[in-house]
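The substrate binding site feature in Swiss-Prot is assigned to 27, 28, 29, 30, 31, 77, 154, 209, 327. If you look up Swiss-Prot, you'll see 77 marked as site 'Transition state stabilizer'.
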């Protein structure tokens, strides 16, 4: 494979020296970009965009044409796995993702098959290899998946949920059934991420979007235990390089110490954590990724730069920090403001790496 021209993202994740703090944005290929909206209109709908490797490659690269980002992230959706398990993913306008079939009984769980990455999710593997080829070593490519708990919530609720009442009821009424579902999902995520790594992903991130909605005890049992299982089964070296793993539990700031023991190289932080405090707590074990509040991008450029400067100062000197937002960039953000953010990270962080 082509040698990387810019590897500071991978180096920071492995706590190796860097010249400036690397930066990328969750959902950097997304609706805030007019070129993304044009591609989506051309594709017809969101699923057609995801399932066509050429379109997925096109939108993955769009933010890199605009901004000096230090990583690309595969354009896909976390719900590709349940879709490949036969649940029938579709998107309702204004409603978000829905499933034609819902998991409600132990028999439904027993019937689920673990998808084969090549046969059942081949369009994702093709997208990864296409993007990797088109990047031509410019920056590393991140692969990703949802966490078992987060995927389970969509499968049991039938889509997005405010309170996860069905999934949480299952956790307390029938924990054996939920554990069977989570175990199948952990196996599926492991093979899916390993498929992405073999296809060319140079780092992987597990998005545990809804783990932070659990109690502390339930988080350990129903979310973290399964992410730990996945991490232990991942390919950690490929193509002559280490493949770093990032775990991101939104609203997981209370549990950083136990997440840091899960075996990943880095933890993603949402904006409710103070990154300097997180570094003092777990920085000896893992790198940190984050964690500006995405809504800061609605503020004036000077305010964006000030907040970048504050977060950099909070983290302090040395490597082990990948700058990111604390969650995905939102559709109404002015693309110019995203550019201010990315340039500020590079410009203002050099002093911390001398």
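Counting begins at 1 with the first residue displayed.
Heads up, the Cβ atoms here are built off N, Cα and C, so glycines get one too.
For residue 31 (substrate binding site), the Cβ neighbour count at a 10 Å cut-off comes to 15, with all displayed protein chains included. For residue 77 (site 'Transition state stabilizer'), the number of other Cβ atoms no farther than 10 Å from its own Cβ, over all displayed protein chains, is 18.
Whole-number maximum of the Cα to Cα distances across the substrate-binding residues 27, 28, 29, 30, 31, 77, 154, 209, 327: 23 angstrom. Here the Cα atom of residue 29 (substrate binding site) is found 12 Å from that of residue 77 (site 'Transition state stabilizer'). Between residue 327 (substrate binding site) and residue 77 (site 'Transition state stabilizer'), the C-alpha separation comes to 15 Å. Looking only at other Cβ atoms within 10 Å, the busiest spot among the binding-site residues 27, 327 turns out to be 327.
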